[in-house]
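See structure below.
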Amino acid sequence: MVQAWYMDDAPGDPRQPHRPDPGRPVGLEQLRRLGVLYWKLDADKYENDPELEKIRRERNYSWMDIITICKDKLPNYEEKIKMFYEEHLHLDDEIRYILDGSGYFDVRDKEDQWIRIFMEKGDMVTLPAGIYHRFTVDEKNYTKAMRLFVGEPVWTAYNRPADHFEARGQYVKFLAQTA
């Protein structure tokens, strides 16, 4: 099951959990109210998983590839890790399925506070278009993920501030309706 919590404000390595003591856990329902969708799947059978195929069909996730994020597999690793950790949004949903390893997606809540979502093997998440977010590997420095898209992939990230985009405006309206 997904683990998520409000992050502490401590400086330091973003690959650490940044879980405050005492913790402030976040449940699936709270993530859903932010538009974040979550599934737990069997990553060992991703190539022939009927549950994954059902999700892809229902949500029109027609394109996919696999990325391995580690120093010896990802060209310009340090540069890419910094880029992934910059707060940004996309004009389309971001869909990731962790096939191996682990990492963190951080998303902003309605009050602009960071919620950290721990992602490990078998976790699949959809972040809605317009949500400010970022990603980092954890201290293991290894994540293998399936990237899914509706139609042709669009890789463009818009660093904050990016409130002028229609996708952001639609997301803010969505948040107001879930209040």
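First residue shown is number 1, and so on along the chain.
Note that Cβ sites are derived from N, Cα and C of the backbone, with glycine treated the same way.
As recorded in Swiss-Prot:
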BINDING   His88, His90, Glu94, His133  Ni(2+) binding site
BINDING   His88, His90, Glu94, His133  Fe(2+) binding site
REGION    7-26  region 'Disordered'
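Structure coloured by features recorded in Swiss-Prot.
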{"residue": "His88", "record": "Ni(2+) binding site", "DSSP (3 states)": "strand"}
{"residue": "Glu94", "record": "Ni(2+) binding site", "DSSP (3 states)": "strand"}
{"residue": "His133", "record": "Ni(2+) binding site", "DSSP (3 states)": "strand"}
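Other residues of the same chain near the Ni(2+) site, with their Cβ within 8 Å of the Cβ centroid of His88, His90, Glu94, His133, are Leu89, Leu127, Ile131, Tyr132, Arg134, Ala157. Applying an 8 A CB threshold to same-chain residues 6+ apart, the list for His133 (Ni(2+) binding site) reads Glu87, His88, Leu89, Glu94, Phe105, Asp106, Val107, Arg108, Leu127.
Across the range of the region 'Disordered' (7-26), the DSSP-based residue counts are 0 helix, 1 strand, 19 coil. Remark: His90 (Ni(2+) binding site) has Leu127, Ala129, Gly130, Val154, Thr156, Ala157, Tyr158, Ala167 as non-local neighbours, by Cβ distance under 8 Å and separation of at least 6 in sequence.
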